[in-house]
Amino acid sequence: MEHLEQVSACAQALSTRVAEVLRDGRVVVTIGGDHSIGVGSVDGHYKVNEDMILIWVDAHADINTNETSDSGSVHGMPVALLCRELSDYWPYLPTMDWQVPRFSIKNLGYIGLRSVDSYERLAIEKYNIPTFAMEDVDTHGIKSSVQHVLQQLDPRGEKPIHVSFDIDSLDALEAPSTGTPVRGGLTLREGINMMETIYATGRLRAVDLVEINPAIGTDTDRRHTIDAGLSILKAALGAPRRGTAPKGVLDLPKPTTA
Ligand SMILES: NC(=[NH2+])NCCC[C@H](N)C(=O)O
Ligand SMILES: [Mn+2]
């Protein structure tokens, strides 16, 4: 597992900080970095809201263990590190002592998948993880895909929501500056619609935005990718695309005579 010591130290500090912000009653936005930071942000969220549900929006499932990973990259493993049901599939990892996987895989759902390793698919089937891969998004549309996942994880609509948004869930043409781009993904409009739908529940407590890597691609690639990420965050925080009139103002300004 590459750079596990550094990844683990960073995730530990992040976990503490995320828990502080949530205890303060604020919504947490965590900007990565790669998706391994999800270990810290979800761990921190779980400490405050044990009933949280997690929506992993990604081209990849990020549920490899060190045994199943072909790459050895920790950013392909955060979900497997977090879930208590998978703890028996890990060897003892000395640098991860601080993290006890307590989050249940029953509270996890996926949207946007299209590059899933075979053992990752086995895990999804074994644990029956609510998953709207790209072909399911094609069939149902993005809004009802999100609503289905929310309905399956939390039929009564009362649990705090954590969205871990990997920019590579968007099509590689929309967000090219990322390490493991995959074509055939969500459009930016689908990403925005999804975030608006989740915001509208009033229960979004934490958002991760990860895998934006400005070192990759041209100036135009960088600009498109960062713009896309900002649009996703704005939607998650409730900015309406139709715009907002100035608060408490009822009329347009009249010309002032000089
Ligand atoms: N967060 C990401 N971009 N993950 C990509 C993971 C790719 C591949 N499944 C791996 O395990 O290495
Ligand atoms: Mn990811």
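From the backbone N, Cα and C atoms, a Cβ is placed for every residue, glycine too.
Pulled from TrEMBL:
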BINDING   HIS35, ASP58, HIS60, ASP62, ASP166, ASP168  Mn(2+) binding site
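Feature annotations (TrEMBL) mapped to structure.
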residue	record	Cβ neighbours (10 Å)
HIS35	Mn(2+) binding site	28
ASP58	Mn(2+) binding site	28
HIS60	Mn(2+) binding site	25
ASP62	Mn(2+) binding site	29
ASP166	Mn(2+) binding site	26
ASP168	Mn(2+) binding site	29
### Task
For the recorded Mn(2+) site, enumerate neighbouring residues of the same chain (Cβ within 8 Å of the Cβ centroid of HIS35, ASP58, HIS60, ASP62, ASP166, ASP168, site residues themselves excluded), in sequence order.
TRP56, ALA59, ALA61, HIS75, GLY76, SER169, THR180, VAL210, GLU211
#### Entry: For ASP58 (Mn(2+) binding site), the three-state class that DSSP assigns
coil
## Note on the structure
In the three-state DSSP scheme, ASP166 (Mn(2+) binding site) belongs to strand
### Query
DSSP on HIS35 (Mn(2+) binding site), three-state: which is it?
helix
